[in-house]
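**Student:** The following block contains the structure, expressed as structure tokens.
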Amino acid sequence: MDKLDIVLYPDEGLREVCKPVPEMTDELDKLIDEMFYTMYDAPGIGLAAPQVAVQQRLIVVDISETKDEPIALLNPEIIKTAGKITWEEGCLSIPGIYAKVDRPSDILVRGMDRDGKTIEFEANELLAVCIQHEIDHLNGKLFIDHLSGLKRTRAIQKFKKEMAEQANS
């Protein structure tokens, strides 16, 4: 199985709105496996297709401690939201940067599973946060976009400094 390269901020592909997936294919099934492999290896709890340079509406998530509850969603959409939660988020495309983000705590999600079937389910707390974070990627939005201007600027400066330090070491 191939580990995919994770696209890093400020790559322009992270700002593109992704195209819907017309149907499930063998290629997409392989991509889903590779995305899970890449996400687990990173390690992370969610990964969106644009983070691996694929501009399609596809996300994978697994918030379980044992990494045995994988969820792959094609063309995911949030149907309903309720509540509010603040969670410290990070992103595999902006490594080392974490910030508290306010989001709905409960969501109703609809999408296509890897068998090509339409599914709908409720997600709460961390799973809801993770799915919303990944769907944001499909719409060209990053978690830092939810921050105030000052916090966003500080996060970006910190990230750029860390990347420069890594490049020089």
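Each residue, glycine too, has its Cβ placed from N, Cα and C.
Positions annotated as active site by Swiss-Prot: Glu134. Annotation comment: Swiss-Prot describes Cys91, His133, His137 as Fe cation binding site, evidence class sequence analysis.
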**Student:** Within 10 Å of the Cβ of Cys91 (Fe cation binding site), how many other Cβ atoms can be counted across all chains shown?
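**Tutor:** Result for Cys91 (Fe cation binding site): 27 neighbouring Cβ atoms inside 10 Å.
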**Student:** List, in sequence order, the residues of the same chain other than Cys91, His133, His137 whose Cβ lies within 8 Å of the centroid of the Cβ atoms of the recorded Fe cation site.
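**Tutor:** Near the Fe cation site, beyond Cys91, His133, His137, sit Gly46, Ala48, Gln51, Glu89, Leu92, Ser93, Glu134, Asp136, Leu142, Phe143.
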**Student:** Measuring Cα to Cα, how many Å separate the residue listed as 'active site' from Cys91 (Fe cation binding site)?
**Tutor:** 9
**Student:** Please give me the CB contact count at 10 A for Glu134 (active site), counting all chains in the structure.
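**Tutor:** Taking every protein chain into account, the count is 24.
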**Student:** Just how many other Cβ atoms lie inside 10 Å of the Cβ on His137 (Fe cation binding site)?
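**Tutor:** A count of 25.
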**Student:** Tell me, by DSSP, whether His137 (Fe cation binding site) is helix, strand or coil?
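**Tutor:** Helix, per DSSP.
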**Student:** In sequence order, which residues at least six apart in the same chain have a CB under 8 Å from the CB of His133 (Fe cation binding site)?
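**Tutor:** Spatial neighbours, sequence-distant, of His133 (Fe cation binding site): Gly46, Glu89, Cys91, Val101, Arg103, Phe143.
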